[in-house]
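*Asks:* Starting off with a structure, shown below.
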Amino acid sequence: MEVPFLLHTHQRWSMTSIWFCLLLVLFVQYWQPTTSSATFLVGLGSYDITGPAADVNMMGYANMEQIASGIHFRLQARTFIVVEPGGKRVAFVNLDACMASQLVTIKLLERLKSRYGDLYTEQNVAISGIHTHAGPGGYLQYVVYIVTSLGFVRQSFDVIVNGIEQSIIQAHENLRPGTVSVNKGELLDAGINRSPSAYLNNPSPERSRYKYNVDKEMTLLKFVDDEWGPVGAFNWFATHGTSMSRTNSLISGDNKGAAARFMEDWFKQKSLDEIDIVYPEGLDTLKINEGSPRRVSTIIPRLPSGVDELKQIASSFQASGGKRVTRSFSVTRRLRSSFRRGNRPKFVSAFCQSNCGDVSPNVLGAFCTDTGLPCDFNRSTCNGKNELCYGRGPGYPDEFESTHIIGERQFRKAVDLFTTASEQIKGKVDYRHTYLDLSHLEVTLPSSDGNKRVVKTCPAAMGFAFAAGTTDGPGAFDFQQGDDKGNAFWKLVRNLLKMPGKEQKECQHPKPILLDTGEMKKPYDWAPSILPIQIIRIGQLVILCVPGEFTTMAGRRLRDAVRTVLTSGSNGEFDKNVHIVIAGLTNSYSQYVTTYEEYLIQRYEGASTLFGPHTLDAYIQEFKKLAAALVGGQSISSSLQPPDLLDKQISLLPGVVLDLTPVGVKFGDAKIDVPLNSTFKRGDMVTATFWSGCPRNDLMTEGTFSLVEVLHGTDTWAPAYDDDDFSLRFKWSRPKKLSPQSYATIEWRIPETAASGVYRLRHFGASKSLLGSIKHFTGASRAFVVV
């Protein structure tokens with residue numbers, strides 16, 4: 001009787017042992033260190049910040065006549081967040097906007113405080129503008145920057161704050177284990193020095209250290225998710241956002257916004273190559289050497305190959321007529337929303353601004369519009385007139401083509417750096433931030449006798465040459481670059497606003513003061529005085545965040561000064577190969593920063609260096625303090641805070657009263673349709689005009705005003721191109737200035753990569769009634785054939 005019992009006991013012990021061993025194996029596997037290559041948590045996000053596409057003055061050229069009236073392509077806020085496990089985090093936001101705004105930064109940080117507590121603050125969040133001159137203005141808080149926009153524009157402000165917040169939320173929610181790599185290389189044909197006479201005033205030994213009179217180096221960060229692979233890239237390169245001219249009225253991200261579109265499209269097409277897609281004949285994914293990529297909407301079935309058969313199909317689809325729709329219909333039809341593959345984060349690419357102060361994308365040089373001859377070297381005039389001197393882009397005389405070319409050149413270099421990036425970022429994530437009062441900051445400088453002397457910065461002031469503009473956008477009247485004297489008439493006009501005192505004149509010398517903005521306080525501050533500076537560290541990459549436009553040599557001096565502090569005081573933590581980039585136009589805006597020698601020449605950049613000849617020295621002194629604190633692990637404290645002037649803002653821009661159409665016409669009806677039975681070839685322009693409402697009624701955020709649809713099968717229309725595509729333009733107009741009637745014209749330049757098939761144009765819009773209610777509508781053109 002005992003033998004079976006023994007056998008049973010042995011069986012029980014064996015089963016227990018087996019389960020114990022299995023649990024032990026699972027325990028060991030679960031708790032053993034992972035073999036992941038992740039060194040950080042990384043997350044990226046992007047969100048639409050396209051402002052009002054009607055009635056609002058554009059920010060950048062200060063041209064009162066440059067009023068938004070449509071969209072070239074939409075604007076984005078793009079964010080990356082990097083977290084050191086168990087350590088600190090940083091968030092960097094790149095805006096398709098002219099510059100950052102102190103008021104935007106203040107209100108954004110308030111929202112982040114409410115949502116995340118102390119996780120994201122002024123210390124570790126940087127907001128940088130790409131410096132496009134084709135975005136709606138009115139979102140800054142100081143008077144001098146919103147005069148041409150008739151004051152503060154709440155819509156412009158709100159859409160930027162909302163978009164930044166949403167992009168940060170996306171990046172935060174996308175945080176996952178991953179790696180960051182860095183790469184850099186030269187891009188030779190995307191920028192020239194537009195003020196070479198000022199650059200030549202820098203010491204010859206200093207200039208001899210550099211091969212070019214502008215910085216040609218692009219530095220790129222590549223972000224890789226451990227599970228999904230590459231999820232984004234941010235790069236810094238110096239060239240102005242002035243490929244689009246001062247007469248352009250379509251909202252555009254200019255060359256950097258275009259480059260970002262091209263790279264995001266390239267990566268999406270690259271991703272589509274990894275899955276099984278059947279393309280119609282003539283459509284293939286675009287290779288890097290075949291030109292700039294475009295979006296591909298979805299799987300496209302094969303269509304009849306005969307032109308006659310396509311025409312017959314197209315003839316059965318007449319204009320749809322205007323129809324009421326919900327707001328969400330525009331969003332769901334937007335093409336880019338179709339590119340998310342499961343839970344994979346969307347690829348985000350940003351082309352950030354650097355020390356672009358004297359760098360122009362108009363690389364053919366500056367010429368006189370009357371004679372075709374080069375402009376005067378020292379003053380950029382033509383027979384004494386600055387209004388006739390214009391820089392020429394590589395696509396001259398087509399500014400859209402110039403934007404495309406300069407954007408494509410940056411895109412191609414970024415792809416090259418992205419695909420060859422091998423240096424992995426390793427080390428700490430850290431940051432330092434403080435505020436400076438640049439209206440009277442003491443600066444200690446070495447003197448020729450070996451001692452030191454103390455100088456001061458000045459309250460902000462703009463010189464006469466500021467009004468002359470640049471070769472990218474010349475000013476008016478009789479102002480000239482290089483003017484260090486001014487003239488009696490304009491001094492009289494100046495004195496009606498504010499006469500500068502003796503001390504201010506001496507402090508700003510040799511700048512002749514045209515506008516004493518730092519001492520103008522009515523109805524509120526005309527210019528900033530308290531400004532932020534910030535250093536962000538991600539391993540061996542250091543980002544110097546500056547609230548203005550540093551010239552080439554000014555940026556070089558700042559980088560060199562910080563590099564010396566980092567490498568001499570870090571006990572080997574930073575070596576000579578530390579990567580230092582300047583993020584221009586970040587967190588706030590205070591115009592230009594030149595070297596002392598460039599300031600003496602008083603070209604546009606020197607006249608726009610607000611705080612006097614020692615502005616750069618002040619920045620270098622204070623950045624060295626930040627760098628020393630970063631290396632030494634010390635904190636930086638400041639009792640200064642910039643003002644919040646939101647409650648003081650004045651807006652003189654009238655609101656939309658109502659929208660009307662003629663009797664018997666609906667919003668969305670075609671006013672001028674595509675010609676009947678039309679057939680177009682690649683490269684042709686297709687146009688249709690619709691009865692519309694003012695685009696200020698609804699900005700169509702994350703949606704689209706214009707759409708090209710392609711026929712799938714016999715009765716299904718799929719989105720093919722939208723507001724985000726370089727080939728499609730949305731133009732809005734009124735028959736008369738104060739008319740309640742308006743039109744929306746959609747222009748589609750058919751890309752060489754477009755598939756043969758049946759297409760139509762569609763418009764989305766919103767109308768306002770006299771009682772203030774907003775109703776959304778859509779309408780489509782008759783169908784046409786592309787062969």
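Note that Cβ sites are derived from N, Cα and C of the backbone, with glycine treated the same way.
Below are the features I grabbed from TrEMBL:
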- 12-31: transmembrane segment (TRANSMEM)
- 40-621: domain 'Neutral/alkaline non-lysosomal ceramidase N-terminal' (DOMAIN)
- HIS131, HIS240, GLU549, TYR592: Zn(2+) binding site (BINDING)
- SER360: active site, nucleophile (ACT_SITE)
- 623-786: domain 'Neutral/alkaline non-lysosomal ceramidase C-terminal' (DOMAIN)
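Each of the listed features needs to be described in terms of its position in the shown structure.
*Replies:* Model confidence over the domain 'Neutral/alkaline non-lysosomal ceramidase N-terminal' (40-621) is summarised by a mean pLDDT of 93.
Counted within 10 Å of its Cβ, the other Cβ atoms near GLU549 (Zn(2+) binding site) come to 29, all protein chains included.
Taking all protein chains in view, 25 other C-beta atoms sit within 10 angstroms of the C-beta of SER360 (active site, nucleophile).
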*Asks:* Starting from the Zn(2+) site formed by HIS131, HIS240, GLU549, TYR592, give every other residue of that chain whose CB sits within 8 Å of the mean position of their CB atoms, in sequence order.
*Replies:* GLN353, CYS356, GLY357, VAL359, GLY548, GLY584, LEU585
*Asks:* Tell me the Cα distance separating SER360 (active site, nucleophile) from HIS240 (Zn(2+) binding site), rounded to the nearest angstrom.
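*Replies:* Between the Cα atoms of HIS240 (Zn(2+) binding site) and SER360 (active site, nucleophile), the distance comes to 5 Å.
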*Asks:* At the level of the C-alpha atoms, what whole-angstrom distance separates TYR592 (Zn(2+) binding site) and SER360 (active site, nucleophile)?
*Replies:* 14
*Asks:* For HIS240 (Zn(2+) binding site), list the number of other Cβ atoms lying within 10 Å of its Cβ atom.
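*Replies:* Around HIS240 (Zn(2+) binding site), other Cβ atoms within 10 Å: 29.
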*Asks:* Whole-number Å only: compute the distance from the Cα of SER360 (active site, nucleophile) to the Cα of HIS131 (Zn(2+) binding site).
*Replies:* 12
*Asks:* Counting all other Cβ atoms within 10 Å across every protein chain shown, which of the binding-site residues HIS131, TYR592 scores highest?
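*Replies:* Answer by Cβ density within 10 Å: HIS131.
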